[in-house]
Amino acid sequence: MLQNANSIKRIMKELRDIHESEKNNLEGNGEHVVRIGPVDEADMYTWRGRITPPVGSDYHGGVFYLDIKFPTDYPFKPPRIKFLTRIFHPNINTNGTICLDILNEKWSPALTISKVMMSICSWLDEPNPDDPLMPNIASMYKTERTKYSETCQEWTKKYALDTSSDIDAWK
């Protein structure tokens, strides 16, 4: 039970840090805008995330939702994160499963959910085509970058247009 109490304590600290950084965050600074938080205050292990990519991103104009599940032994085990919004990306499969090393073998208890989300944002625009979940998309990224970008934009328009800006709307 101590492990469970310690994980809740760590998750609550990260949530406080997130709220503090959101107060100081200026949107529209050319970076991805990220919002994350618990779906229900009674369950601190289940969160939702929302990424709004900036102008210049292949995913600009879209809003991408993620499901975030913390294990009871967090931070010693990584959170499980998957995209709820469909996205055209070599490292995300059709079920929303993410292939990102820091969520697997490169996980460290020193990482926070904020750092993980920032890594996901960077990786959206700089995928790893050498470790794909979707080999056909990785091949397109490597050999037909213009077609890849156009397809990302098409999928964003088709699947990721969302005007909801309130995390409470995700419940």
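Keep in mind that glycine also has a Cβ here, set from the backbone N, Cα and C atoms.
Listed features, source TrEMBL:
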| type | residues | note |
| --- | --- | --- |
| ACT_SITE | CYS99 | active site, glycyl thioester intermediate |
| DOMAIN | 6-161 | domain 'UBC core' |
Same chain, 6+ residues apart, C-beta under 8 Å of the C-beta of CYS99 (active site, glycyl thioester intermediate), given in sequence order:
ASN91, ILE92, ASN93, ASN128, ASP131, PRO132, LEU133
Rounded mean pLDDT for the residues that make up the domain 'UBC core' (6-161):
92
